[in-house]
Amino acid sequence: IHPAMEATTSLLDAAAVGDLVLLDPLTEESLLQTLQERFRRSNIYTYIGNVVISVNPYRSLPIYTPETVQEYRNCNFFAVKPHIYAIADDAYRSLRDRDRDQCILITGESGAGKTEASKLVMSYVAAVCSKGEEVDKVKEQLLQSNPVLEAFGNAKTIRNDNSSRFGKYMDVEFDFKGEPLGGVISNYLLEKSRIVRHVKGERNFHIFYQLLAGGSAQLLQQLKLRQDCRHYGYLNRESSGLPGMDDAANFRAMQVIGFSPAEVTALLEVTAVVLKLGNVQLSSSYQASGMEASSIAEPQELQEICELIGLDPAVLERALCSRTVKARNEMVLTTLSVPQGYYGRDALAKNIYSRLFDWLVNRINTSIQVSRKVMGVLDIYGFEIFQDNGFEQFIINYCNEKLQQIFILMTLKEEQEEYVREVPPTHAGPPLCCPQCGILAMLDEECLRPGVVNEDTFLTKLNQLFATHKHYESKETQNARRVMDATLPSQCFRIHHYAGKVTYNVTGFIEKNNDLLFRDLSQAMWASRHELLRSLFPEGDPQKVSLKLPPTAGFQFKASVATLMKNLYSKNPNYIRCIKPNETKTGMLFTPELVLAQIRYLGLMENVRVRRAGYAFRQLYDSFLQRYKMLSPRTWPHWTGSHREGTKVLLEDLAFPPEELAFGHTKIFIRSPRTLFDLERRRQERVAELATLIQKTFRGWRCRTQYQLMRKSQIIISAWFRGHMQKNRYKQMKRSALIIQAYARGWKSRRLLRELKSQCHRHAAATTIAAYWRGYQVRRAYRRYFRSGASTRLANFIYQRLVQKFLVGLARNLPPLSVMDRTWPPAPYKFLADANQELRSIFYRWKCKKYREQLTPQRRALLQTKLHASELFKDKKALYSKSLQQPFQGEYLGLTQNPKYQKLHAVAKDKLVMADTVRKVNKANGKMVPRLLLLTTEHLVLADPKAAQPKMVLSLGDISSISVTRFSDGFLALHLKETSTGGAKGDFLLISDHLIELVTRLHKTLMDTTAQKGAMTITVVESAKAGTNIPVCKKKGSHKMEILVQ
């Protein structure tokens, strides 16, 4: 069904026809009026055959909902209203079902809505694909690539707030089921000159403003950036906020697909370097030779840049302020003037950003690229005509000329192929044409020519080569033709493009085409420690120095466009032609003059004429016959033959002139739209007749059905009423019988009840008399034996109650669980004294057991040592009571903190038990000297505290016994065996401040180690004299010493 045949839009309403091929008459005025009327009705899409015309509404319309997606899914292209979803669905189904690679060409000038159209195509394809975790992941990656590329490749221009400053061609790749597997993105000619300068009212690339507005304080500090846009020279030191665009929100929402956090950080660091390069200022100075030189005016920015990329500031300063030139196999370092330095700085910034953008595209491709059948979507910069047009506009318009050429060629080719396929050879289609352009080749030749090369020589060559070309104008060619035109300056030339005349200023053509970057700057970037930045400048490697000139920008772009054209020729094309309705970007404002200019240079009239050059309307036989078969009695209501024969029979009955019709192999062709209008008018009249017939038949059927329903209802109501009356009579009779039966049964029951009650009374009286009699006999017999055992039973009962009361009261008043608490409640009665004492003992032992179970292994060992000391000294030595409150530490010297003492432990080579300071009594003169005592599991070591050298090492097996006094002194006598190593020197006399602990640990260790060799004895001696509080040693003879203690 053709779009103009929709029920909602009449085909006869020529002011808003959905397909411009059906315009009658076909003029520029009627075409413009149709677009304006459809735009006024918010119908922004119109067809020219299978080409979609899109007029940018500059506001959101409710025509992209999920319901709309389902409406256009798997539909016939001409069965629904014109929409961009229709061409997207047609391309997708052709790819999926016919296995034909597709491309969607979106063209139009800047601000016409090409980028938004490409997004809508991608979102529709993503929506209609099947679901699944892997498929959803791929769709998410494809959709997320757009915001990233827009941030780095789009900018605000005078005509468009989100203008693409690069060309993007995306191949979306599908498997045999039509599910997306990935994609490949190709970019063309990023406008890198925007990095260093842009006119007032425009902005640099979005990413700079998004980074400054949306980056966190920590991120900006890491990148050494300030949030104020006015701080940066490359942003024209302006605060450029855009109404309706939230840079901060866009930055936070931007996700770089498939990138690791390290790669995202590196990407933002390089972006910050480009932004900060614009703040590097140069100052002028003169050398001794009188030549001008440049130097860094403020080294702070340079220092921060070098910290970001890991480069020595001196290396970057030398690369910015000087240049190495090779002359006769010698390397000569020449200084640069300030303008030359600024040129090098700007060239470096442009090259970094351009290469970073290429890296970004390639990195995204590695995340989404596979190799399958593809659908290409081309979103490239539109035709641009500014007040001052330079090299960038020339390149952009060159690309648009090529796209216009491929549109014309492929449209004509498709039209001719359909005529060859369908229409007999007597009908011919329109011819083909193809223009060419050679200015870029001349520009490359001029850039490579030796000698003085500038814009003047380039313009002179153009004037010589294209002096007679009808599409070329300059001041010189106008003078030769004696044409006076004040609008064409001397430094400009003018080209007659398909979209109109554009005047280009040749200033900067040579420089921008050369795109020269000093080798010193490339080598400096390669020398940085920043992996990403280093990878962008492989030519900076000193080992790979090449003297070959790099290709020019024009040559690179021309090669890219040639590759694009070859790619587009290999696919089935689908076209979306975007139109900009006004210059002010106002919502739903239509400027006829502006739209008419675009209609002319887009060639829409020619496209319509091509479609109507042979036949204005064509449709498959099946669809045509299905729509118009009611116009002939021979085809209505059913046709049993072939669709082609049915169409012939139908048109023969309608008696149209034979020259208006042509029968193809699968389609019917109608030459004039008037014939189609006549068909549609007859169909509407016939549909009205058929509708009347259907209404008449339906009303008769409805009346008959209603009568039959009423008759059936009356019969049913009568039957139900008679049945209801009989049921009520039966219920009344039944109710009367039940009442009579109830009275009779009640009388009989009451009589029986009276008899039963009389029997029960007699039985109860007999039972009572018998019970009283048996009780009397039992009581009389029991009185004889009751008093003999009553006292014993009462005594036992009282005893049990007293014991129970005692135990319950003891359970409620138990003493605390502390092992130091020995209190216990006394027995309330004397006969419970023994039991009370036994309970007290049991309770105390239970408390001790619970206390022992809570002890840690260290605490248990310490208490065992205390118990051992109690067994040795309790009630034997007066010093014992003072040691009870002192914990046994064992190690009093701090061996681990004092490295001087650590080697003493190494002498014994076994486990340390105790380390303390003692005083040794000299047997020769009775004097006391300090000594370090180390007790181990097998030895006892005495050492000098100053030198930390062992004086005596005794094996524990050499000690036979120990003697102490009974008083509060610290005196200790070690008795050695005569056969021991130290036995010849005699016993040792020591004084210790921790005597109890020392003797206890020594005795316990000796008992553990010498358990099989014999026990060691500890003797407590008494002294008959007491003179002082401390031991007094006096020598008596040569072998005796008197010791007095108290």
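Residue numbering: from 1, along the chain as shown.
A Cβ is built for glycine as well, from the same backbone N, Cα and C atoms used for every other residue.
What TrEMBL says about a protein is an automatic prediction, not a curated fact.
Given the ranges 124-146, 354-376, 446-468, 561-583, the record in TrEMBL names 561-583 as region 'Actin-binding'. If you count neighbouring Cβ atoms within 10 Å for each of the binding-site residues S110, T115, the highest count belongs to T115. Residues in the region 'Actin-binding' (561-583) partition by DSSP class (helix H, G, I; strand E, B; coil) as 9 helix, 8 strand, 6 coil. For G113 (ATP binding site), the number of other Cβ atoms no farther than 10 Å from its own Cβ, over all displayed protein chains, is 26.
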